[in-house]
Amino acid sequence: MNRLKHRGPDWSGLYQHRDSYLAHQRLAIVDPASGDQPLFNEDKSVAVTVNGEIYNHEELRKKLVNHKFRTGSDCDVIAHLYEEYGEDFVDMLDGIFSFVLLDTRDNSFIVARDAIGVTSLYIGWGLDGSVWISSEMKGLNDDCEHFETFPPGHLYTSKSRGFRRWYNPPWFSESIPSVPYDPLVLRRAFENAVIKRLMTDVPFGVLLSGGLDSSLVASITARYLAGTKAAKQWGSQLHSFCVGLEGSPDLKAAKEVADYLGTVHHEFHFTVQDGIDAIEDVIYHIETYDVTTIRASTPMFLMSRKIKSLGVKMVISGEGSDEIFGGYLYFHKAPNKEELHRETCHKIKALHQYDCLRANKATSAWGLEARVPFLDIEFINVAMSIDPESKMIKKDQGRIEKWILRKAFDDEERPYLPKHILYRQKEQFSDGVGYSWIDSLKAHAAKNVTDKMMLNASYIFPHNTPTTKEAYYYRMIFERFFPQNSARLTVPGGASVACSTAKAVEWDVAWKNNLDPSGRAALGVHLSAYDAEAPLISNVPSKVIDSIPRMVEVPGVAIHT
């Protein structure tokens, strides 16, 4: 339990029944006074440990009129739903969650993870026949012969000894949808996703970088906060948070949005050396050796520590938009709507290995919870049912990436954001944090990894062989913390350009020789592309283009070079 103490500093719970143990570290967000875990049904024959939030718990309680609840916790409904519906209740839950449920009547158990994998979860098997479940790899890697990432949207039962996918939305088949784009429908769906995440009994805020996604989240939160239970407890003025290198113009951009929305804005500074000094802690907590994830996680990790020191326990963030709407710059080269839609499906399915991993673990390392409204399952259903022709980037029509999202919130009467914020070009987080940040990481790695070491890389690391000194450096640190073969298999690999899947690399022949996770690798698209080609968004009005700083889209962290 001590290995995961950072995730839940408010309470430690341990329950034993025969040879089964449930342990829980609680971060109290809803009903902090009485929601300690494990949670039970009336006669304590069913015990549950949960990480996450059930946003529709009040609605579910109304369906359980014959049940008596011990707490006001949103997660208290799980044991009672199991009594009524068996294991088929999981798709009734609207929220983010990972849980283990133990039925002491037959000593059976079930494990489930939320649809997209916003919460982290691992499963392992011991030589003695034991099954281990943990929110982080470090909770079981030393005790299991084999372990792996628990797949999102799945259920595991001790009776079947296998996985079953409970999340089966229409978009999962990757068939091409045909619903016409309706900006008001999309707008309302996202507003609802943000509003339901205002469920909290503790102080909270928003991560605000000044980019499109985090700015929309902040705008909607500020607009609808008044009148909520949270506002009555903590006040109706929203707090926003941003981190950056001191003097960065992007900090000014985040401040501009904060001033426009009237938030209480908190600006944190860090240095390149602060980031480099934190790399080992970041890899230990994030549990990956993926280059882009580590680059992006470091400033978020540093910011989360400072946010928690202010007494804030929950933040709302903007992850997931780029995967849903084709927001990464390489989508400019999507050859047709079919390819674009399939790529967005692949990106959403892989989110648990990248942005969700970062958002969950970089914050929980300091006992902070991140909520991500773009990954609301109802919102995803709406956004992924739209004819992908509307998501295609049309330079001759002035349609830049995520045009349908921008258009949905382009309200002349009650503006959500200033125009130049609403139409700012997308940039990967690790780019927007400053190209000097990436260059400094590469230089630091070069001091620790020699050319001779790189010659033997394929023998030292035959799986996902690092091809750069930066990747080799991260891999050495990862293997020191997690030396098992199972650990290295939890990290994805393969060719990528500007955060694409390997399949999308085929969209442009030039990319095959320019594989780099940076957005600048999207040659001919990025405003600061490696070869300085003209951007493909030249049909956007010049006054809008001129006002677009080179920004990051990871919420709360924005640094200009």
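Cβ atoms here come from the backbone N, Cα and C positions, even for glycine.
Annotation source TrEMBL lists L-glutamine binding site at Asp74. Packing around Asp74 (L-glutamine binding site) is summarised by its Cβ count: 26 other Cβ atoms lie within 10 angstroms of its Cβ, all protein chains included.
Under the heading ATP binding site, TrEMBL lists Leu207, Val243, Ser317, Gly318. The Cβ neighbour count for Ser317 (ATP binding site), using a 10 Å radius over every protein chain in view, is 26.
Across all of the domain 'Glutamine amidotransferase type-2' (1-161), the predicted model scores a mean pLDDT of 89. Among the features that TrEMBL reports, domain 'Glutamine amidotransferase type-2' is placed at 1-161.
Positions annotated as site 'Important for beta-aspartyl-AMP intermediate formation' by TrEMBL: Glu319. The Cβ neighbour count for Glu319 (site 'Important for beta-aspartyl-AMP intermediate formation'), using a 10 Å radius and every protein chain shown, is 29.
Across the structure, Ser317 (ATP binding site) and Asp74 (L-glutamine binding site) place their CA atoms 21 angstrom apart.
The separation of Gly318 (ATP binding site) from Asp74 (L-glutamine binding site), Cα to Cα, is 23 Å.
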